[in-house]
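Before any comments, here is the structure.
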Amino acid sequence: MLLQKTLCIVKPDGVRRGLIGDVVSRFERVGLKMVAAKMLIVDESLAKKHYLYDDIVFRHSEAVWNSLIKFISNSPVFTFVVEGVESIEVVRKLCGATEPKLAIPGTIRGDFSYHSFKYSNEKGFSIYNVIHASANEADAMREIPIWFKDNEILNYKRDDECEHYYC
């Protein structure tokens, strides 16, 4: 069984719009288990640990990195870890395409956001796409310890766990 943990962050635009409950319920309804959660105001140092300069600049640009740091810094976010069978892929599917205009209806981004990269770049701000989710297992393993200590990640059983994990 490929049981994984992955990091999710309801970004400032999602928090300001009151979407935390809507986002979390999408994951819980499919059987993913929340094993850690916290709401906090992100300082610039934490933002820079999460959004690695070299990675973002290589894939996008320095302007995109700067806008990400500015967007998430000094703003409230709700960050959480979910666990489940192949949870990284499941979470990415439920989130939808990173660029909201490409996200299909029924996904978090498809239902709650609509901006495009072009519009965001022209305006000089980060894309408002409600949620961050680890892209792959390596990212999840790097990101989770940035946001959570080991003792903040819980191990418990949901009542319906055997329905999802074939106990």
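Glycine residues also receive a Cβ, built from the backbone N, Cα and C atoms like all the rest.
Record features, source Swiss-Prot:
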- HIS132: active site, pros-phosphohistidine intermediate (ACT_SITE)
- LYS11, ARG92, THR98, ARG109, ASN129: ATP binding site (BINDING)
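Swiss-Prot feature annotations superimposed on the structure.
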| residue | record | Cβ neighbours (10 Å) |
| --- | --- | --- |
| LYS11 | ATP binding site | 26 |
| ARG92 | ATP binding site | 17 |
| THR98 | ATP binding site | 16 |
| ARG109 | ATP binding site | 24 |
| ASN129 | ATP binding site | 25 |
| HIS132 | active site, pros-phosphohistidine intermediate | 21 |
Give the maximum pairwise CA distance in Å, whole number, for the residues LYS11, ARG92, THR98, ARG109, ASN129 listed as binding ATP.
15
Neighbours of the ATP site LYS11, ARG92, THR98, ARG109, ASN129: Cβ within 8 Å of the Cβ centroid, same chain, sequence order.
CYS95, GLY96, ALA97, PRO100, ALA103, ILE108, SER113, ILE127, VAL130, ILE131, HIS132, ALA133
Calculate the distance in Å between the alpha carbons (Cα) of ARG92 (ATP binding site) and HIS132 (active site, pros-phosphohistidine intermediate), and round it to a whole number.
9
Mapped DSSP class for ASN129 (ATP binding site), helix or strand or coil:
coil
Provide, as an integer number of angstrom, the distance between the C-alpha atoms of HIS132 (active site, pros-phosphohistidine intermediate) and THR98 (ATP binding site).
9
